[in-house]
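Colleague: Pasting the relevant annotations from TrEMBL:
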{"type": "REGION", "residues": "1-22", "note": "region 'Disordered'"}
{"type": "COMPBIAS", "residues": "10-22", "note": "compositional bias 'Polar residues'"}
{"type": "DOMAIN", "residues": "18-401", "note": "domain 'Catalase core'"}
{"type": "ACT_SITE", "residues": "H65", "note": "active site"}
{"type": "ACT_SITE", "residues": "N138", "note": "active site"}
{"type": "BINDING", "residues": "Y348", "note": "heme binding site"}
Amino acid sequence: MDPYKHRPSSAHNSPYLTTNQGAPVWNNTSSLTVGARGPVLLEDYHLIEKFAAFDRERIPERVVHARGASAKGFFEVTHHVSNLTCADFLRAPGVQTPVIVRFSTVIHERGSPETLRDPRGFAVKFYTREGNFDIVGNNIPVFFTRDAMQFPDVIRALKPNPKTHIQEPWRYLDFMSHLPESCLTFLYWFDDWGIPSDYRHMDGYGVHTFKLITKEGRETYCKFHWKPTCGLKFLLDEEAVIVGGSNHSHATKDLTDAIASGNYPEWKLYIQTMDPADEDKLDFDPLDDTKIWPEDLFPLQPVGRLVLNKNIDNFFNENEMLAFNPGAIVPGIYYTNDKMFQTRTFAYADTQRHRLGPNYMQIPVNAPKCPHYNNHRDGFMNFLHRDEEVDYFPSRFDPVRASEKVPIPTDVITGRRVKTVIPKENNFKQSGELFRSWPRDRQERFIKRFADVASDPKVTPEIRSVWLSYWAQCDRGLGQRLASRLGMKALL
Ligand code: HEM
């Protein structure tokens, strides 16, 4: 035994039970008592330690996306993009990077059914040679709001009523009646799209606009899209009731079984690109995350493929303690002025310091796989054994360790301090286009689902007519058909 090399893992299991201190446990079924019938003695160290561990087993669930499944695999570049970015992991076709992916629902609790109508999270962590790059996206290409100031309210309105702990449609219809920009996300959510059949048959989207940057500093706006090679599949409402009623973890099981049987789930990665010089030429703001970039104007360009070929070994370590962060970027990729994106670069590490502790980046699933070094140290549950004598910078005893310069955007930013909405809101046009692209039966299903929730007795006539006006502005026919189903007068 080398007393200085021990690292807790299953590889160090003893052949018999021990306490956490390593002392042998000779009885794991009976408490230490005075006589066979008790009382129990506090000096039963093993009993007290067993309860101390059990009593603290659960950590706070994620404030959103609590329910999820993860799997490991690789990303492989298939097409040249080195003309757009100096990102090392995208340097040439054939280059592979290890990844971990977590799929999730958004609103409902850790043990909730995976058949509920909800956006699905699609988060990918690339362990690159230049650090972790996380695309923390959803299966819907847009989001309910464009300003993070409203994100906690979006989530509260969708979460259960704080009084009854029941999700109640009047609460989100009330709140979103103040948010016309939510229409496009709402359409996807109440469309068949709102219940993917499982995690394998769904798209993923980075949602925000990113920047790709070359070594020379040339910048290109970019959106990321994941497309499953096995195609898209959804559950209609009646099917979801049956699937969810017989197995509330059906999507986790589907993912695990597919990988275990060698039927590896695969997605192709595409990008849409735009020259930042063109950003004012459109009738919408390309940095507005409530908008898509039309594919006829900004075609999908293939980049690579994502293959999930390994199930996780430990759900707690590799799912519950997994921490994604939209702020985790690598040289060659950067954020844009998308307001939601910017606040997200703060919020995730903040919640993870609370949920997992200040040293959450030392947890093996979160730690970069490349060598890394800085003077951030110590804190609760630090287990990194460091022997450097210099913990400050700069120092004449420690060779300078700044990396080579990384290109960052060079655009000049000027303006007054304001708290306001963006000039080009254009809240309804893309929703109308999406609605008209559906066949009649799909449109009818959307109308029925919306009419059902809008018929909640707590939805006031005022809230109903605001919504009717929004849908009519998206598409006149949609407004008329909804009005007649709700027994109201069409507004346009
Ligand atoms: C400002 C807006 C947003 C804020 C403040 C926010 C905040 C959060 C927080 C606090 C978590 C829990 C993280 C954890 O405990 O590890 C989370 C998870 C997540 N969020 Fe957001 N979010 C925002 C917008 C979005 C948007 C627009 C998307 C989709 C593009 C998104 C996708 C996700 C996903 C996929 C997860 C789950 C990651 C995982 O599987 O662990 N979020 N978000």
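Note: Cβ is positioned from N, Cα and C throughout, glycine not excepted.
Because the structure is a prediction, the values reported are computed rather than measured.
Burial and contacts for the listed features, if you can.
Modeller: Using a Cβ-Cβ cut-off under 8 Å and counting only residues 6 or more beyond its ends in the same chain, the compositional bias 'Polar residues' (10-22) has close neighbours at 28, 45-46, 49, 53.
Under 8 Å, Cβ to Cβ, and six or more positions away along its own chain, H65 (active site) finds S104, T105, V106, G121.
Around the Cβ of N138 (active site), 24 further Cβ atoms fall within 10 Å across all displayed protein chains.
Listed in sequence order, the residues of the same chain lying 6 or more apart from Y348 (heme binding site) and placing their CB within less than 8 Å of its CB are V136, A323, F324, N325, P326, G327.
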Colleague: According to DSSP, which of helix, strand or coil covers Y348 (heme binding site)?
Modeller: helix
Colleague: Per-residue pLDDT averaged over the domain 'Catalase core' (18-401) comes to what?
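Modeller: Taking every residue of the domain 'Catalase core' (18-401) together, the mean pLDDT is 97.
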